[in-house]
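Engineer: Structure in structure tokens, see below.
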Amino acid sequence: MSQAETTKLPYKVKDISLADYGRKEIELAENEMPGLMALRSKYGAEKPLKGARIAGCLHMTIQTAVLIETLVELGAEVTWSSCNIFSTQDHAAAAIAAAGIPVYAWKGMTEEEFDWCIEQTLDFPSGEKLNMILDDGGDLTAMVHDRFPELLDNIYGISEETTAGVHRLEVLNKSGKLRVPSINVNDSATKSKFDNLYGCRESLADGVKRATDVMLAGKVAVVCGYGDVGKGCAHSLKSYGCRVLVTEIDPINALQAAMEGFEVTTMEEACKEGRLYVTTTGNKDIILGEHMKQMPNDAILCNIGHFDTEIDIAWAEQQVADGKATVSEIKPSDIGAVDRFTFNDTGRSIIILAKGRLVNLGCATGHPSFVMSSSFTNQVLAQMELYQNRDNDKYGVQVYLLPKELDEEVARLHLEAIGVKLTKLTQEQADYIGVPVEGPYKPNHYRY
């Protein structure tokens, strides 16, 4: 696949020789991503994204490769970087580079390399700049607003994948600094109620087990936060036989957790008995040094929120620098990043996974392809919606949700693949409840 007449395009990946391996896995993933493949079939001929120059900053995985090639199939030019220093699958990046698409990503980047990679995506092989942003976590959006504001007048839209990035968009919007129409993909029902919940339900345990080979059954696990991600994590660990404790600030979420049978307590109490800790909040300072010092020997700490601010890794590293602890690298970052910190005064150790970054991507391969198809179909539709309305006033400078009918369409595209047969309303039934026969069926405020 080539996206321009020039066949040799710049890229930076770890090992281009992995391209064949990556291509085989991409072909397998396509069979598990019916939403994206349906968009290719439906829109491939008309090229609705022709002229779009999409800079993407999202985990460079096999599933993302299918997203990238869908955008190209629909007419876009694409450049890509990863939104996390540990999340790239190097064979996926190699396959995309070999396909002639500029990609700048490898597993185990430094923070400086991470910023450099994002910056490379602003320029396209034609010599032109980006005119669309597809973001996950808001780093690309922030870079353009903070460092390259001169580019903003020519950017038609931003689509944002995750909770943390949406929060950053909302902060920009409320402060009057947002300058580009934006779509919050995260809060589409077919993203947050599937990726965040069912994706984490499978990929959390995958990351923990690949990193540690630990048996989960019988252990006390602490899940910090009971939003969609926390729900998926708590139910996953419960299904493995863990006794799950939940910490939560929101009384509604706390009540939900309690009604599901989880013990809801504070970190000050939970830190004394948990053998596994999972942060899911997207906030900062969830697990502090004072908590780590009280944990049982070889307690495992990991994070599945977007940023590395939830576990106070800096405190643990400072303990080592001050001679109060030692650290042993069990696995290097290119195969999972597992570090064991031992405190001199107690002799007890804690094990930190992926250096406090996303454990499911740092220590494993992230969510399964099928659930990512749902998320990424939303992304493609958001890019199409923004780009195709670039010359009218449908979208002003604020943060929008995808229209409900598109949210429902994403779900429809995935039903046949798993054998779902949908009941159809009669006109009389539709009239009775006041909805169209073909939907949308729920108001925007419906929570699912």
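Yeah, the Cβs are placed from backbone N, Cα and C, and that goes for glycine too.
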Engineer: Among Asp90, Asp136, Asp139, Asp213, which residue does Swiss-Prot annotate as binding substrate together with Thr61, Glu161, Lys191, Asp195?
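Structural biologist: Candidate in the recorded substrate site: Asp136.
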Engineer: Hey, what's the widest CA-to-CA gap across Thr61, Asp136, Glu161, Lys191, Asp195, the substrate contacts in the record, in Å?
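Structural biologist: Between the most distant Cα atoms of the substrate site, 17 Å.
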Engineer: Closest of the binding-site residues to Thr162 (NAD(+) binding site), Cα to Cα, picking from Thr61, Asp136, Lys191, Asp195?
Structural biologist: Asp136
